[in-house]
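Engineer: Input: one structure, supplied below.
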């Protein structure tokens, strides 16, 4: 399947006529309209124009060289990136100072969730008390299907539910219910979409928890916001698989229906394609032009650098970090000494400690290395460093092969995190694990039931799996943009799906812990809905700016935010501008907005012609789609972070900020933390805003003062009026000559 992208829909053109034009264009590479209609998978006709069709390479090449066609690309498969978190972020349900912010905003905002569907009976999707009528501008609907009756499933909370299966079935054949019990309807078979929708906008639900842990009142970021689900990802071998043509169809209808926020927890790992060779980038580009904020997950490809996905500059890309809730679990010895790991142990366990080498060849805890010996009554000690084994591999081998009573899984420092499993498992750090290992084999031990504690460990900590920058295709934009909770997030779950990843797990739960940037993404989506409700005139760029410039970079102890699996502090490639601070984002002081002109400049820099840009960008009358005679670098586009990916000589970039604070007259002073080896000068150093001057521009000059090649350095610029602290991270890659000579722009000698 190839996707043919043609730009925005001609204003006021009949949708039927748009589809007819698509068939006519497709007929150019077929012998008849009938063949073209048979090849057609989708016609995108509501917000943007294009189609998906089954083509061979030569047909795709002919269409790519046809006048009016912007891009033609082969559809790829996209993968999913898969309570207490809101309290941790400052959005609590404390009524002592009036109605909590989460309950006073969001009702007029609709969050569109593109995912695996929804379990509508979950308590998260009941109507909040005194919810008003569905917004009049809403054009969506709930569609019937397997086990999904719109009259029973939908209400004033869940106001839309659709599914898109044509692309999936064109690629993999019709769903066989014997081998794949997926629901051909908006109902969620995998649990992932239910979890993300409930995280973003779930209603308040008392009595949430799993196996006695994390008990309390669960809720989404915007409990009073409306939810519309677009099922674009489907079960394949018990994993969520999304075809790009289905995703683009979901975007087209979600934007037509009237969503205000799109939450999309999926993506593709590098190599990334050009921006308009990706369904997610096309859909989010047109969303931005309609004033709709799109939030993507960064991906789970960490900790290696450069693997971040969803890097376009018009959406929000979210990394994952943990929260301040942990589940300490004691391993107690007969002499009274004990060790503490992380687990979800519900019952007291007694046994004898046993080294893995007694039951697994080489001590490698996986099924292939099992010695066919029973470990009944034993508490196995397995090391992740023996054979590079994952905890899930060790858990399966210990439980289903060796029949152990419990597992102690030893990991590097800062890595242990509790997880739901089919066997009682305690994850413990390598320092304690090594001491356990040195005890005599078959030492008696007890594992005590786990506790739920708060604020014991330094948090937040960037998750090891969270995909890191820099962006592999647009290095002058910092990605990810921001970090949010994505580790052991409790949210609603499909009760037909086991809470763990193991096929032998037959338990049913209504709430479940999930981990991934899939979980951090809807946290930001929920906050965006609150911000849109509080500031309905803010653009998606202004909302992103408010989130980024108010993010924090210190943990709860005032130290730098750590990186899981390391003892080092994080940098902007790990967490973008920092960890999300919802309360601060409501009053950021200044915002970096982006206009149509910024996006035109970006498209010009990517090599698109003025004719192509004219068909993609909905321009105000005063903004012609023209490329400037002299292109400005991407680093000068008005992004809230500043990235210079190739600093060879003195370089100046500019930024424009708008005063959105309560005081129309305000004075801001600048403070700079310069990247190592780079002199940074800001002019002017004072910004004076007045009712007649809401927007002001400043310039930042970077001068390399060291010899380096390919090394990234980090700093920041902060504007403050004494109340607001508007912080922008700086990322600079210094690439100076090895002879120590530095050049300034405009010099007669060309630097290299």
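Even glycines carry a Cβ here, placed using N, Cα and C.
TrEMBL does not curate its annotations; it predicts them automatically.
Summarising the annotation, TrEMBL assigns domain 'Inhibitor I9' to 1-81. Taken from TrEMBL, the feature domain 'Peptidase S8/S53' applies to 106-554. Residues annotated as active site, charge relay system in TrEMBL: 115, 192, 518. The domain 'Subtilisin-like protease fibronectin type-III' annotation in TrEMBL covers 637-732.
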Engineer: Report, in whole Å, the straight Cα-to-Cα distance of residue 518 (active site, charge relay system) from residue 115 (active site, charge relay system).
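Structural biologist: About 10 Å separates the two Cα atoms.
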Engineer: Near the Cβ of residue 518 (active site, charge relay system), how many other Cβ atoms are there if near means within 10 Å?
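Structural biologist: Step by step: centre on the Cβ of residue 518 (active site, charge relay system), count other Cβ atoms within 10 Å, giving 31.
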Engineer: Count the Cβ atoms, other than its own, that fall within 10 Å of the Cβ of residue 192 (active site, charge relay system), considering every protein chain shown.
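Structural biologist: A count of 28.
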Engineer: Kindly state the mean pLDDT of the domain 'Inhibitor I9' (1-81) in the predicted structure.
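Structural biologist: Mean pLDDT, the domain 'Inhibitor I9' (1-81): 93.
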Engineer: Counting across all protein chains present, how many other Cβ atoms fall within 10 Å of the Cβ of residue 115 (active site, charge relay system)?
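Structural biologist: Counting Cβ neighbours of residue 115 (active site, charge relay system) within 10 Å gives 31.
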Engineer: Would you mind reading off the Cα separation of residue 192 (active site, charge relay system) from residue 518 (active site, charge relay system), to the nearest angstrom?
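Structural biologist: It is 8 Å, counting Cα to Cα.
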